[in-house]
């Protein structure tokens, strides 16, 4: 297998879906086999490659075609102001991307906002949904035990409103459990993504003013999702409360939960080796 990098796997597709007319989506595409689509979270500067570069190689080596999507309004994809809840629009973007790429069915891996998109996809397009792997997904309403929004979400919106290296570092400091992993390379890479398209940040805030995070809630429909699902959570997540994982496994017909100790909101990055082993076993045998 040749070495994977962002530039050699990069491509664009143009989709036409409700709310996303003649819309360019950027993705990284590598490998052959069953399709695994990885969906990133919603923080400023997020993108498919930066979210999943520690995962794409092992998945390709295991025999999967791996697609890392830049969600609408993020990184290299077109910018957008959304008039509907973001998880639903993002799900449509995945469906449109699959249509262009000729993919009939895919497994979905979703972190935070990407998890909300994966849940919406499974509800809207069940026949095109393989297995689901969710890491601290959004879109699950209030918590019985934790005041919301949590600290990390407050800092995320502060970064959207006041983008600077200082506000970025404030958010990253609660993003990961092990702060020694917050390297200058991580900070500068994220900051470069933020600076690349400031319209993304403005439009995210405009979208959030139209439809707040509470509008993303798909909890009442969790029982409709029949796909086999692996839910993972960082025990020390300061963005989305751990009890939401219990809500998922209590209400979805075929869901299991794995909690990573000493782990924040980015399990697939902070505990990449363990995450890769767990999720690849689930795809093969779960």
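Each residue, glycine too, has its Cβ placed from N, Cα and C.
Features of the protein shown, as given by Swiss-Prot:
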| type | residues | note |
| --- | --- | --- |
| ACT_SITE | 265 | active site, proton acceptor |
| DOMAIN | 36-271 | domain 'AB hydrolase-1' |
| SITE | 112 | site 'Transition state stabilizer' |
State the count of C-beta atoms found within 10 angstroms of the C-beta of the residue listed as 'active site, proton acceptor', not counting that atom itself. 27
Let me know the DSSP-derived helix, strand or coil state of residue 265 (active site, proton acceptor), please. coil
